[in-house]
């Protein structure tokens, strides 16, 4: 019984590689081919076995290959030719098997069909609280090489020759990423790149140069709370706590809010919050549940001129506005245009009402204005309904004035 494998493989599309497989086969290695290549494999029977070559057949990944791809070379040799090979279905290789008439596997080999890797792209890195470094990238080209391809993230300080390799690679959906857990060097630029290699070739990404202080991100803001503004039907107040890491390193933060209706997937973003840790959302729809999230972006880390990277959004927090028939659109703060005009009109109406009905009251506060808004909305509702015979407009105004005077001194 002969135990050997002879094969001649090339990556040419015009010359068919030849693999000679003896029964029974002892495989020293498996062929690695480019997509589009052709392969001819031969199953050679030992003279000691009384088996005609015409009784044999071939399978690829368990599927019987058509007889038109066979060639009976001699009474003891059956070859098969595969043209324009497609990429391997699995990285462990495609199984090419020679079978006897009874289905018994006489010999076989694993075919690795793929492409050399292309230059990795979109290399992006970030540092959580300036205490570690994470990087992710995308494979170049179509991304799929169909055979095992190793990606290696390497880095070094710009003015030092010694390079290091990241050792904590992610798996699954985050497989093109790596995590460096130890404290990175500050105030010294890093040079970072990714190398990709498989049995058909290798490629290296462009070098990314970065300063850790320019790619800092934080945890999402904590303890996000959303509450009503008294009985105001179109407003909610959002409050949150700064990430605790802000106390450890010298930088400020900018915040961003987004909110959506309960039955909607479209978020509205509020950008102009600055460094404050609270915000009033105005112009919301009354009687509606809103989901609110907050995120943070560090600014001026140890004097860096570049802002950091936005954190993840906080977990959604829900709250509802009081019920009303009024419907408006929302924003965090009054903006130029219609909303400023509306605000000026309301303030003018408010102070006019105070002069007419709130005489005798002393002192002013924002609570007075908020309370006026509430009763103004109630007045709007009452105006759309017939007043009870026992409640005259004069009595309603007197009651409103009495309640407002109570809030003036608060």
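Just so you know, glycine gets a Cβ as well, placed from its N, Cα and C.
Quick look at what TrEMBL lists:
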- 317-331: compositional bias 'Polar residues' (COMPBIAS)
- 17-98: domain 'Ig-like' (DOMAIN)
- 119-215: domain 'Fibronectin type-III' (DOMAIN)
- 220-324: domain 'Fibronectin type-III' (DOMAIN)
- 313-341: region 'Disordered' (REGION)
Please compute the mean pLDDT of the model over the domain 'Ig-like' (17-98). 81
Helix, strand and coil totals (DSSP H, G, I; E, B; other) for the domain 'Ig-like' (17-98): 6 helix, 36 strand, 40 coil
Helix, strand, coil residue numbers for the domain 'Fibronectin type-III' (119-215) per DSSP? 6 helix, 46 strand, 45 coil
